[in-house]
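Note sheet for the following structure.
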Amino acid sequence: MNAEEAVTSPQDGPTPRWSLGSSSGLHYGSFANSLASLTPMAVEKPAISPRRAHLAVAVLCYVNLLNYMERYTIAGVLSNIQRFFDIRDSTAGLLQTVFICSFLLLAPLFGYLGDRYNRKYIMIGGLSVWLVTAAGSSLVTESYFWLLVLLRALVGIGEASYSTIAPTIIGDLFTGGQRSIMICVFYIFIPVGSGLGYIVGAGCANLTGDWRWALRITPILGLVGLFLLVFLCPNPARGAAETHGQGVAEQTSYKEDVKYLLKNKSYVWSSFGVTAMAFLTGALAFWMPTFLSRAQVTQGIRPPCTKEPCDPTDSYIFGAVTVVTGILGASLGTGLSRWLRNKVSNADPLICAVGMLGSAPCLFITIFVASESIPATYVFIFLGELLLSLNWAVLADILLYVVIPTRRATAEALQITVCHLLGDAGSPYLIGTISDAIRKVKPGTHAWSFRSLKYSLLVCPSVGIVGGLFFLMTSLYITEDRKAAQELIAGTGNEGPPPQPNPAPEPSMELSNSNK
């Protein structure tokens with residue numbers, strides 16, 4: 001069996017020539033996932049043919065786009081849903097909360113499976129469940145809101161399987177600079193998908209006069225994604241990109257994996273930062289279109305919504321802003337990372353800190369200027385989302401180069417669990433609950449309905465500041481973790497494959513993200 005056959009086998013491939021056992025004496029964070037990312041001697045070489053690898057990333061990006069479109073379609077038609085079921089803000093926020101809760105509770109399971117079994121089959125199974133439950137959500141009648149809540153919870157099964165595993169496959173297809181670019185492209189589709197979710201959801205509701213048609217588009221497109229995943233996505237051996245197709249084997253228990261990750265300070269502090277970002281983006285994504293709509297009603301720009309479909313203009317504009325800022329922000333963040341990393345060893349967490357801290361004043365101004373000027377509000381929304389979007393790809397890259405290949409899925413899963421449990425699982429519901437509590441002071445007025453949501457959203461800038469501080473803490477440890485890994489690999493040839501000669505790279509060849 002040749003190297004490419006080993007990589008693309010549905011199984012985990014043959015036993016490689018070298019492994020990393022739990023008794024190898026490696027200190028936490030001392031072995032990063034990528035030999036090419038840690039040693040000047042390493043040369044980038046894809047695990048499988050470049051054409052197949054790029055095709056696989058294209059398929060994963062397409063499914064990622066649909067995942068986030070489906071997630072935020074609900075937010076795009078939230079006003080219609082509230083009117084259809086006659087529910088309050090806190091009850092509406094429950095739709096997102098139950099989805100995120102099932103997502104985070106199942107992520108550790110898929111992380112465990114993803115580090116041990118065929119990742120392609122796991123994603124196919126999860127995506128199949130997602131298609132059925134997402135389509136089922138569109139069939140719920142007005143007397144069965146509880147069923148809509150249940151189906152939203154089940155949709156989280158598909159997303160948990162995919163979001164946990166897909167980045168690890170990309171990590172096993174590319175190394176170094178190419179990996180940074182592919183991760184950037186993959187994570188660009190988070191804000192792009194989110195923005196299109198608002199636009200497509202609101203557009204379908206407006207065209208058909210029925211919000212439930214908005215929930216039927218992504219399952220239809222998802223069937224195409226399932227077909228592409230089955231036939232075009234490989235299951236590379238873990239660590240294949242770093243070991244030229246052979247992979248890395250490590251026999252450890254789940255308890256040992258968790259202990260390793262908890263001792264990795266760069267991973268822990270960056271996970272706290274991701275949690276703050278999830279809280280912030282989850283609350284804004286769910287409530288901002290509704291907030292903008294209420295602001296315009298208060299200013300007399302438009303009448304309040306009294307029948308379906310409600311005016312979709314705010315969902316269109318906010319969705320478009322999210323798409324544009326997502327593309328620009330993720331590209332800018334990755335570009336800054338690649339430019340600064342050779343000059344500033346802890347550039348990645350510093351970029352994330354600047355993004356979070358810089359977004360806080362923008363969001364604060366957004367909340368208060370909305371009652372005076374909608375155009376000015378969109379300007380500050382644009383700036384705030386642009387700064388937040390700097391972090392998407394950089395955060396994924398941090399995880400990939402501080403966690404060894406056989407623990408990446410577990411690392412992704414635990415980070416997903418923590419960031420959603422303490423982040424966007426509760427933030428939409430919390431904002432809605434605070435809004436309802438404030439509204440009780442002056443019930444029944446449109447102006448006070450706007451102000452109650454306005455005051456509840458003030459939680460978001462505060463969380464942004466805390467998240468920035470978490471990333472500053474990450475910056476204190478990430479250089480030490482990387483340096484320890486470099487010293488280990490340079491000084492102990494028996495811990496991994498021998499260093500490769502360092503031929504002069506071709507002009508198109510990218511060096512490692514972490515090369516100094």
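Every residue, even glycine, has its Cβ placed from backbone N, Cα and C.
Where the annotation comes from TrEMBL, it is an automatic prediction and has not been curated.
Look at TrEMBL and you will find 55-74 (among others) tagged as transmembrane segment.
Per-residue pLDDT, averaged along the domain 'Major facilitator superfamily (MFS) profile' (56-479), amounts to 83 for this model. The annotation domain 'Major facilitator superfamily (MFS) profile' is assigned in TrEMBL to 56-479.
The transmembrane segment feature in TrEMBL is assigned to 94-114 (among others). Taking Cβ pairs closer than 8 Å, the transmembrane segment (94-114) reaches residues 71, 74-75, 81, 122, 126, 148-150, 152-157, 159-161, 163-165, 168, 254, 282, 286, 409-414, 416-417, 420-421, 424-426, 428-429 in its own chain, all 6 or more past its ends.
A Cβ distance under 8 Å defines the sequence-distant neighbours of the transmembrane segment (121-139), meaning residues of its chain 6+ beyond its ends; these are 10, 63, 67, 70, 110, 113-114, 148, 151-152, 154-155, 157-162, 165-166, 212-216, 218-219, 222-223, 225-226, 229-230, 233, 235. If you look up TrEMBL, you'll see 121-139 (among others) marked as transmembrane segment.
Tertiary neighbourhood of the transmembrane segment (145-169): same-chain residues 56, 60, 63-64, 67, 70-71, 74, 85, 87, 91, 94-96, 98-104, 106-107, 109-111, 114, 119, 122-123, 125-131, 133-134, 136-137, 183, 186, 233-236, 238, 396, 399-400, 405, 408-409, 412-413, 416, selected by CB-CB distance under 8 Å and a gap of 6+ residues from either end. Annotation source TrEMBL lists transmembrane segment at 145-169 (among others).
If you look at the transmembrane segment (181-201), the same-chain residues 6 or more away from its ends with a CB under 8 A from one of its CBs are 57, 60-61, 64-77, 166-167, 170-171, 173-174, 211, 214-215, 217-218, 285, 289, 315-316, 318-327, 329-331, 333-334, 385, 389, 392-393, 396-397, 400, 510. Taken from TrEMBL, the feature transmembrane segment applies to 181-201 (among others).
The transmembrane segment annotation in TrEMBL covers 213-233 (among others).
According to TrEMBL, the feature transmembrane segment maps to 267-288 (among others).
Under the heading transmembrane segment, TrEMBL lists 316-337 (among others).
The feature transmembrane segment is assigned by TrEMBL to 349-370 (among others).
For 376-404 (among others), the entry in TrEMBL reads transmembrane segment. If you look at the transmembrane segment (376-404), the same-chain residues 6 or more away from its ends with a CB under 8 A from one of its CBs are 20, 29, 31-34, 37-38, 167, 171, 179-180, 183-184, 186-188, 190-191, 239, 248, 250, 261, 264, 266-267, 270, 273-274, 277, 280-281, 288, 292, 295, 317-318, 321-322, 324-326, 328-330, 332-334, 336-337, 348-349, 351-352, 354-356, 358-359, 362-363, 365-366, 369-370, 411-412, 415, 474, 478, 481-482, 513-514.
Long-range Cβ contacts of the transmembrane segment (455-478) within its own chain (Cβ-Cβ under 8 Å, at least 6 residues beyond either end) map to 29, 265-266, 269-270, 272-273, 275-277, 279-280, 283-284, 287, 291, 345-346, 348-350, 352-357, 359-361, 363-364, 367, 398, 402, 427, 430-432, 434-435, 438. Taken from TrEMBL, the feature transmembrane segment covers 455-478 (among others).
Annotation comment: TrEMBL describes 488-516 as region 'Disordered'.
Annotated compositional bias 'Pro residues' per TrEMBL: 496-506, in sequence order.
The list of residues near the transmembrane segment (55-74) in space but at least 6 beyond its ends in sequence, with Cβ under 8 angstroms from a Cβ of it, reads 81, 95-96, 99, 123, 127, 130, 134, 152, 155, 158-159, 162-163, 166, 169-170, 173, 182, 185-186, 189-198, 200-201, 214-215, 217-219, 221-222, 224-225, 228-229, 232-234, 285-286. Within its own chain, the transmembrane segment (349-370) has Cβ neighbours under 8 Å at 266, 269-270, 273, 276-277, 280, 284, 291-292, 295, 329, 333, 336-337, 340, 376-377, 380-381, 383-385, 387-391, 394-395, 398, 454, 457-458, 460-462, 464-465, 467-469, 471-472, 474-475, 478, counting only residues six or more beyond its boundaries.
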